[in-house]
Amino acid sequence: MNAVPDGRSDKPRSVVGVLALQGDTREHLAALTEAGAEAVTVRRLRELEAVDALVIPGGESTAMSHLLREFELLEPLRARLAEGMPAYGSCAGMILLATEILDAGAAGREATPLKGIDMSVRRNAFGRQVDSFEGDIPFVGLDSSVHAVFIRAPWVERIGDGVEVLARADGHIVAVRQGRMLATAFHPEVTGDRRVHKLFVDMVSE
C-alpha cells in the first residue's frame with residue numbers, strides 16, 4: 001500500500017484517488033479528506049498505479065468511458081479492480097463498476113462496464129435531470145438515514161452472490177457493497193454528510 005503517515009495518529013492514511021476525467025471530482029476530494037484519507041486526483045496511469053483505492057465520481061458514464069479509452073486507463077483500471085483494488089462509485093461511477101450496463105447509450109458511445117461489482121445497472125433509471133429528487137433513506141451499517149440526492153440516477157436490477165444491498169429507494173436497489181467495493185446511485189459528496197465516504201475509507205484499510 002501507499003498509505004502515508006497521519007500526523008494525528010500512528011495509523012497511516014490511505015491514499016485514495018478520485019478519477020478526474022469528468023464529473024464532480026472536487027466534491028469527492030473534499031469528502032475523502034474530511035473522512036480521513038489522503039485524497040489525490042487520477043488522470044494518468046502513473047497516478048492510478050500510486051493509489052491504494054479509487055473513487056469514480058458522478059458525471060456522464062458514456063463520456064467517462066470515452067475518456068478512459070482516450071487516456072489509456074480503461075484496461076489498467078479493469079486490471080487493478082480485478083486484482084482487488086478497493087473502489088467506490090457514485091451515480092455514473094456505480095454504472096461503470098457494474099458487470100452489465102442496461103441502456104448503455106448510443107452505438108459507438110456506450111458506457112463500458114469495468115466489471116468490479118457483480119451487478120446489472122440501468123442508466124438514468126429514475127429519469128432525466130428534470131426528474132432528479134432527494135430524500136432520506138435507511139443505509140445498512142450507518143446509525144441513521146442518509147439524505148440521498150439522485151440526479152439522473154441509475155438503479156440496480158440484478159446482483160450476484162456476495163453482493164450486499166445497503167440501501168433502497170422506491171423499492172429499487174441504490175447502494176451495494178461487494179468485498180471492498182462500494183457503489184451508490186446517489187451523491188453523498190454533495191450533502192456534507194461524510195459517513196458514506198468514511199465507510200469507504202474504513203473499507204480501504206480492512
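Using the three backbone atoms N, Cα and C, a Cβ is placed for every residue, glycine included.
Swiss-Prot lists G59, E60, S61, I151, R152 as binding L-glutamine, and of R26, R122, R123, R194 the one it places in that same site is R123.
Binding-site extent for L-glutamine: residues G59, E60, S61, R123, I151, R152, maximum pairwise Cα distance 13 Å (rounded to the nearest whole number). In this structure, the C-alpha atom of G59 (L-glutamine binding site) lies 10 angstrom from that of H187 (active site, charge relay system). When the recorded positions C91, I151 are scored by other C-beta atoms within 10 Å, C91 scores highest.
Sitting within 8 Å of the Cβ centre of G59, E60, S61, R123, I151, R152, and not among those site residues for L-glutamine, are the Cβ atoms of G58, C91, A92, I95, N124, P154.
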